[in-house]
Amino acid sequence: MIHKSDSDTTVRRFDLSQQFTAMQRISVVLSRATEASKTLQEVLSVLHNDAFMQHGMICLYDSQQEILSIEALQQTEDQTLPGSTQIRYRPGEGLVGTVLAQGQSLVLPRVADDQRFLDRLSLYDYDLPFIAVPLMGPHSRPIGVLAAHAMARQEERLPACTRFLETVANLIAQTIRLMILPTSAAQAPQQSPRIERPRACTPSRGFGLENMVGKSPAMRQIMDIIRQVSRWDTTVLVRGESGTGKELIANAIHHNSPRAAAAFVKFNCAALPDNLLESELFGHEKGAFTGAVRQRKGRFELADGGTLFLDEIGESSASFQAKLLRILQEGEMERVGGDETLRVNVRIIAATNRHLEEEVRLGHFREDLYYRLNVMPIALPPLRERQEDIAELAHFLVRKIAHSQGRTLRISDGAIRLLMEYSWPGNVRELENCLERSAVLSESGLIDRDVILFNHRDNPPKALASSGPAEDGWLDNSLDERQRLIAALEKAGWVQAKAARLLGMTPRQVAYRIQIMDITMPRL
């Protein structure tokens, strides 16, 4: 085991001579290979003992099941992870899934900085470098991934470590082809072997941490919490204002958990009146009420073995809260109109934009249920508190909108600056709506300042709220955006170019706002 106090010494020793010694020992191990799993485990031991590569992992891809499985994992005695070989990755999922999908090496100076890092093994030091390289099979198709922690903390040493691991990966891949791949693949090069190049996109990609954008301290902390809580069945309470992405958090937790292959069922507790809520969630028997012509399973039964996301839990009634508490405590329920007790195995992720502590104090929310739900709270900050993420979010959303519209879109630096001056009371949802509206207005494919329109007229960006002429006293700061524009037009004699100068805008921006805000221009 390599202690952190020895890390500086070990880094200095990792030179060409040490690499050669490690490579020689690995070649001996591979030349004597008789059993794949045992051989790969011995290779990882050499990487750990002689090449100072911690927590080495070798994953192999099964194209029939479309999964990447851990074949060998180097662990220390005090970090043994039971069932590690049962952990699976889909192509494009996490760091190793990305390497498999792209067929290219991945080097991270600090592993936790990458949003695709899932940490399902709970072995890795978040502050250490991470290197993952593909194992290339016949016809340049990846058949697996070799990954490890590099003890070389200095970034300038990482390229040498990467080249060393790529060489080791080539040796491993050759051995795997001889031991695992069927001989028919070698005899028929035109046929696809059992292990094929994976598809670049899979349905799970929309739910991974790579879909969570932001490098602010608050978002880094949230991503770390998601990695940790995903491994367990702990009940999670996601809190935050409307539009902050609470459902996205729930999706990420489920799809990176051991329950990922099971159902993820969503339900909005405020969407139905109380008399229909219980039937929708718990199901009903035939004849339970007028219109119940057949038995129907509820959301809890549909989510059995998986995850149930209860949005707006703070809006639920007292009777529903009592039944939910029973399920959380005992895992039991009955359908409406039935007397058969059903057992369900469901993980609950709840979300609310309410201050539940105050609701408990007022008697609107059960205190015992509050403590049952609040086992692992995740508080999402509003967008105005992480303005450093707005630029990255905007570029991400523009790419998403461009894909949905089937065209090329770009956003200018000026538009980004304007977005960063707005306080976004509707949070990320409002930002996405704003950019989608701007994309529709952008005929050239460039989203610039002149096509950016905001929803909240009482919360204009600084570019419109503050301008030189306002000091003359003619522009009342209490006016909303439409009223400001009309005031400027009246001041300018309804000449759009003059009004634009008064507001610090371009004539095109003024023209767009006149059209969108339905301002009638007098005939001069």
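The backbone N, Cα and C atoms fix where each Cβ goes, and this holds for glycine too.
Keep in mind that what you see is a predicted model, and the values were worked out from it rather than measured.
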* Asked: Given the ranges 56-75, 156-175, 416-435, 496-515, which one is assigned the annotation DNA-binding region in Swiss-Prot?
  -> 496-515
* What mean pLDDT does the predicted model reach across the region 'A domain' (1-182)? -> 79
* To do: Would you please pick out, from the binding-site residues G240, K246, D304, T307, the one with the fewest other Cβ atoms within 10 Å of its Cβ?
  => D304
* What does DSSP call L310 (ATP binding site) in the simple three-state scheme? -> strand
